[in-house]
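Feature annotations, courtesy of TrEMBL:
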- A:Lys198: active site, proton donor (ACT_SITE)
- A:Gly7, A:Leu8, A:Gly9, A:Thr10, A:Val11, A:Gly12: NADP(+) binding site (BINDING)
- A:Lys98: NADPH binding site (BINDING)
- A:Glu183: L-homoserine binding site (BINDING)
- A:7-122: domain 'Aspartate/homoserine dehydrogenase NAD-binding' (DOMAIN)
- A:130-308: domain 'Homoserine dehydrogenase catalytic' (DOMAIN)
There are 2 protein chains.
Amino acid sequence: MIIGVVGLGTVGFGTVDILVKEKARLEKEIGEEVKVKYGCSLEDVDLPEGIIYTRDFNDIINDEEVDVVVELIGGVTIAKKIILEALKKGKHVVTANKALLAHDGEELFKCATENNVNLYYEAAVGGGIPVVVPAKESLIANNIYKIEGILNGTTNFILTLMEKENLDFNEALTIADDQGFVEADASLDLDGYDAAHKIKLLAMNAFHIFFDFDKIQLEGIRNVTKKDMDYAKKLGYRIKLIAQAKKLEKGYGLDVAPTLVPINDIVGNVMEAYNVVEITSDYLENVLFYGKGAGRYVTASAVVSDIIKCHDDKKWTYHYEHTDEIYPITYSSYYIRTNKPIDVDYDQYLTLGNDHIYITRAYEKDELLNKLGNQEYHLFKVR
Amino acid sequence: MIIGVVGLGTVGFGTVDILVKEKARLEKEIGEEVKVKYGCSLEDVDLPEGIIYTRDFNDIINDEEVDVVVELIGGVTIAKKIILEALKKGKHVVTANKALLAHDGEELFKCATENNVNLYYEAAVGGGIPVVVPAKESLIANNIYKIEGILNGTTNFILTLMEKENLDFNEALTIADDQGFVEADASLDLDGYDAAHKIKLLAMNAFHIFFDFDKIQLEGIRNVTKKDMDYAKKLGYRIKLIAQAKKLEKGYGLDVAPTLVPINDIVGNVMEAYNVVEITSDYLENVLFYGKGAGRYVTASAVVSDIIKCHDDKKWTYHYEHTDEIYPITYSSYYIRTNKPIDVDYDQYLTLGNDHIYITRAYEKDELLNKLGNQEYHLFKVR
């Protein structure tokens, strides 16, 4: 197995490092040579001996000896070109590029199927946590009908800081940023785009569907206040940024939203930058995968497992259907904070000062918004 | 893919049911026929149309058309004979038989390797939770150094009852028994044998070693009192039956013991008959798998994934080393309850009535036992 790694940043470098350090053990496992032939990057990088450094990814794609191209440069333009060209040359591709796959997955997966090669992306969701492959292979007996998770470590880290250090959103954001937890484009994390990319990949994988990314309704954590967190806690909940995908009677529900999760629930105990994915299906019922969602070696661990997986003769095919029937999941129990009492059926009610806080029975969101009319409110879903 | 299922009890029947109901979808997934040709059982069973019922497993083993033999009769005598003969005839074997693999795995896995066929056992650990295959394949980049888990649903169900319903062990046991949670041989669950079988399988899989089952030190939950549970809770812990396997400087540590787990820890929030496995490794750090540890369809889900896995050309090989260096894990923080103060370094201390309760710093167990001398004590490990 001859490998070319394109992109030698955090994860790319970690991947090369693991492949070199664990070479002997990996080769014993699969009974075949495991060799990184190329490392490609626009910036000069010190590569371990024997690996060819190049600035031109075409050197890799045009080398007939290369079996697997690993795309770790990120972004959606050059990365796409590299992946498509590699697939067309009959090379397997491994990537961690969730944004690209969430936007252009349909084209890319179809290209892989047409060329009878693999396009694996375990590292794109949940960092190193095994979830894409287990959902596809270990759960193959099952019809999956719901996926829920905390898929963005940065926002979970900020929410944890707000709770533990008694901070408001902006104070916590500053600390998270100082500690390097926030990406250059903060909106990706804070407004839910990153979590939405990931839930889209999980939904494609589980439901065998393609759909437009823009169909996913998303809301980030900017509106989560310390006050609402405190009320939620009094009522037995934590606020988490939950990404959800489920089969509806007609079509599929997908959204990303700050959501109250019971503190007694395992998902409610996922703190710091950890991720969790819960999958519900007909035979296995609910199963949950938990671990670190990011980090050089954490993510590289998943990249390496995908690379080694390319050794198998098996090919994943992507004869998925394209659907437009993607809807937000609006039928739910809700947390409402208002400054006047409202007429709703509720499971819990709390009043403090001028605040009235309800955990409602399950409602269609529109019905609640009607009841609220023009008055001020803070509203979150409840899991 | 032509399949023969030996054993048509709870899991066997569930397996046949899934394979029949999901036939079209599974065939589409792997591009090959998925056909249950035989069901074998000593008792007459109503099988779906087209499946041959037999009382003689030789009918299956001697049928050249059969690719995969599924052993679900349990026990360690006939089951072993069936598996060995099937492997020698070049058939893949899928089993959920943890007791057999824990005792005779070395012989069985070597036989599979010699005959170049697969012997898969995902359903033997954690019911349907994917953990054997992910530990082997998704974590292939990693050197695993620790595995911990709640692997026995029955004891976790009893411990949950004791806490929630304020019961003593024997009262909770009676209820669990009434609800069908306790096996005919109650000792398998209550004294830790079942958890030990499972941690042995996980250790073999992760560390690539064979060793004698009797080397595992085990302690069940019979000595867990409601009183100690209450004290533990005051100190921020729950008592769980924890199975552990870790690499030591020399050799491997393995044991099963009631252990205090922090209530804030995810493992401490695993209640009822749920199972959890946490794997710690060098690159991926810690990853955790959680779900239902038993049930007809839950377990059959894992059996079916193993059967479908036999479609791949890949073979797992078992060139593991046999080791005698298996030790209990004795260096730990401990919970001690005594009726006189003792001289230990501790993180927490509580005294109520005549009871003195310590959460000690990490000690070698022998050192603590020396300090305790002849006095009465209750002692559990702390995670």
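Each residue, glycine too, has its Cβ placed from N, Cα and C.
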Legend entry - Mapped DSSP class for A:Leu8 (NADP(+) binding site), helix or strand or coil: coil
Legend entry - Where A:Lys98 (NADPH binding site) sits in the secondary structure, as DSSP reduces it to three classes: helix
Inset, instruction - Excluding A:Gly7, A:Leu8, A:Gly9, A:Thr10, A:Val11, A:Gly12, please set out which residues of the same chain place their CB within 8 Å of the center of the CB atoms of the NADP(+) site, keeping sequence order. - result: A:Val5, A:Phe13, A:Gly14, A:Thr15, A:Ser41, A:Leu72, A:Ile73
Inset, instruction - Determine, using Cα-Cα distances only, which of these recorded positions is closest to A:Lys98 (NADPH binding site): A:Gly7, A:Thr10, A:Glu183, A:Lys198. - result: A:Lys198
Inset, instruction - Could you work out which of the binding-site residues (A:Gly7, A:Gly9, A:Gly12) has its C-beta surrounded by the smallest number of other C-beta atoms within 10 A? - result: A:Gly9
Inset, instruction - State the three-class DSSP label for A:Lys198 (active site, proton donor), counting H, G and I as helix, E and B as strand, and everything else as coil. - result: helix
Inset, instruction - Using DSSP reduced to three states, classify A:Glu183 (L-homoserine binding site) as helix, strand or coil. - result: coil
Legend entry - Pairwise Cα distance for the residue listed as 'L-homoserine binding site'/the residue listed as 'active site, proton donor' [Å, integer]: 16
Inset, instruction - Measuring CB to CB from A:Leu8 (NADP(+) binding site), give everything in the same chain under 8 Å that is also at least six residues away in sequence. - result: A:Val16, A:Gly39, A:Cys40, A:Ser41, A:Glu43, A:Val45, A:Leu47, A:Leu72
Inset, instruction - Grab the pLDDT values for the domain 'Aspartate/homoserine dehydrogenase NAD-binding' (A:7-122) and give me their mean, rounded. - result: 97
Legend entry - For A:Thr10 (NADP(+) binding site), the number of other Cβ atoms found within 10 Å of its own Cβ: 15
Inset, instruction - Between A:Lys198 (active site, proton donor) and A:Gly9 (NADP(+) binding site), find the distance joining the two CA atoms and give it rounded to the nearest Å. - result: 21
Inset, instruction - Work through the recorded positions one by one (A:Lys98, A:Lys198) and point out the residue whose CB has the fewest other CB atoms within 10 angstroms. - result: A:Lys98
Legend entry - Entry from the binding-site residues list A:Val11, A:Glu183 having the most other CB atoms no farther than 10 A: A:Val11
